[in-house]
Amino acid sequence: MTTEDTINIRTATDDDWDAVALLDAHAFGEHQNSEDLAETQILTSSEHVVMAWDGSTPVGVAMHFPMSVTVPGGEQVDASGVSWVSVAPTHRRRGILRRMFTEQHRKLDAAGAPLSLLTASEATIYRRFGYGPATEEHAIVLDRRFAQFHKSVPPVTGVRLIESTEASTLLPEIYHRWQCKTAGAQPKPPIRWQRFFADRENRRHGLTELFFIAHADGYVAYRRSPTESKVVVQEFIAVTDQAYAEMWQVLAGIDLVDTIEVSQAPDEALPFLLTNNRLPKITGLHDALWCRIMDVKAALEARTYGVDAQFVLEVEDPFLDAGGTFDVTISAGAATVTRTEAAPDAKVGLDVLSSMYFGTHRATRFAAASRLWTRDPEALHTVDIAFATDRASVMGWAF
Ligand SMILES: CC(=O)SCCNC(=O)CCNC(=O)[C@H](O)C(C)(C)COP(=O)(O)OP(=O)(O)OC[C@H]1O[C@@H](n2cnc3c(N)ncnc32)[C@H](O)[C@@H]1OP(=O)(O)O
């Protein structure tokens, strides 16, 4: 008997949560307290948890949170947020993740959500399963002591300092307006708001309690460091450019600290609000949301496009066979997608198509990297401008 033969993959029961917590603690180096675990159980249910057992020993887990996400154009599309994926270090690289993912994605496929999402601990794991990075963020450090705003930037008229209690009544509605217009953003479930405002010590990572500033169209939640002269932004949500510009001026006005640390989409306006566009230092670039298109037709028809176009797209999906050859006809921004026998204008792996889907990553870039084939440069241009979006997509909340 091979080692693999002793492994049993099955759906979890309500009695398995201690085993799930044990696996998670060893995988991510953090013991879940009872509040954290209870919150996760509200976001999902045992039937959405796949586990691997070696006899009576738990050796692997993968779960998903049912959610939705805004796609380019504003439609809310059902999605499965895959999370808490781990295999015990006693059993790694024996194919257990692959077996759990096969079972989990068979169930996700049957449930019918057109998109599956995750955030990846390592960039090398998930492409083979059809996932590609869909949003990215710059880590930025702004030395606020030298920040001068351009004279055309509107002055601060509508930002207030608020307490946590008021924040808990204002922020969810502002977030909702932002989420509806932001591709890549998911609705934030009530239990996540509860966790956010509970602001438990184990979530502060050595920083202070949360501080809040609010505008009618935006808010910032931040912490201060007790040991370093810095503000660390936890959430910066701006529904309008005006709110964005005003809140940055208020952050830059926090005297007695040197720097502001923030993570934001690469196309945000901050450098050009300032007279010195070099002042915000980009200290990192990381992917945030990863996407796997589960249903090519449903997903492509759910988003809008920048141009009218017609092309034949061959999609390869070695993991689940969700690919095929599709005619994509775009009229007035909407796509009609049908299976076809016609010769393709473009060939692409599902992971790459999933990366292009939210608009942040362009077809031209993947073509340059030999990850996208097109019949000729004209076909590349057509596919490129069809999938491009005006603004970078942004993940709403990490899961
Ligand atoms: C969505 C999330 O939850 S992200 C968090 C993921 N979890 C972690 O990072 C926790 C720590 N790591 C682990 O628990 C494990 O190493 C896992 C879950 C990443 C991998 O589990 P394993 O059972 O060892 O993976 P398995 O043997 O099934 O490998 C499946 C495939 O992925 C590849 N793979 C697995 N882990 C990695 C890795 N860290 N880097 C690169 N490739 C990897 C394998 O080579 C294999 O490739 P193949 O099937 O194409 O030949």
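Glycine residues also receive a Cβ, built from the backbone N, Cα and C atoms like all the rest.
Sequence annotations record features per position, and here TrEMBL assigns active site, proton donor to Tyr126. Residues annotated as active site, proton acceptor in TrEMBL: Phe399. The annotation acetyl-CoA binding site is assigned in TrEMBL to Val85, Ser86, Val87, Arg93, Arg94, Gly95, Ile96, Leu97, Arg98, Ser121, Glu122. Feature annotation from TrEMBL assigns domain 'N-acetyltransferase' to 7-154.
Location within the structure of each feature annotated in TrEMBL.
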residue: Val85; record: acetyl-CoA binding site; Cβ contacts under 8 Å, 6 or more apart: Val61, Ala62, Met63, Leu97, Met100, Leu118, Ser121
residue: Val87; record: acetyl-CoA binding site; Cβ contacts under 8 Å, 6 or more apart: Leu23, Ala27, Ala52, Val59, Gly60, Ile96, Leu97, Met100
residue: Arg98; record: acetyl-CoA binding site; Cβ contacts under 8 Å, 6 or more apart: none
residue: Glu122; record: acetyl-CoA binding site; Cβ contacts under 8 Å, 6 or more apart: none
residue: Tyr126; record: active site, proton donor; Cβ contacts under 8 Å, 6 or more apart: Leu118, Ala120, Trp290, Arg292, Asp351
residue: Phe399; record: active site, proton acceptor; Cβ contacts under 8 Å, 6 or more apart: Leu43, Phe65, Met67, Gly81, Ser83, Thr119, Gln186
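With a cut-off of 6 Å between Cβ and the nearest atom of ligand 1, the recorded positions Val85, Ile96, Arg98, Tyr126, Phe399 reduce to Val85, Ile96, Arg98. The most densely surrounded of the binding-site residues Arg94, Ile96 is Ile96 (count of other Cβ atoms within 10 A of its Cβ). Residues in the domain 'N-acetyltransferase' (7-154) partition by DSSP class (helix H, G, I; strand E, B; coil) as 53 helix, 52 strand, 43 coil. On the 0 to 100 pLDDT scale, the model's mean across the domain 'N-acetyltransferase' (7-154) is 97. Residue annotation for acetyl-CoA gives Val85, Ser86, Val87, Arg93, Arg94, Gly95, Ile96, Leu97, Arg98, Ser121, Glu122. The furthest Cα pair among them is separated by 19 Å.
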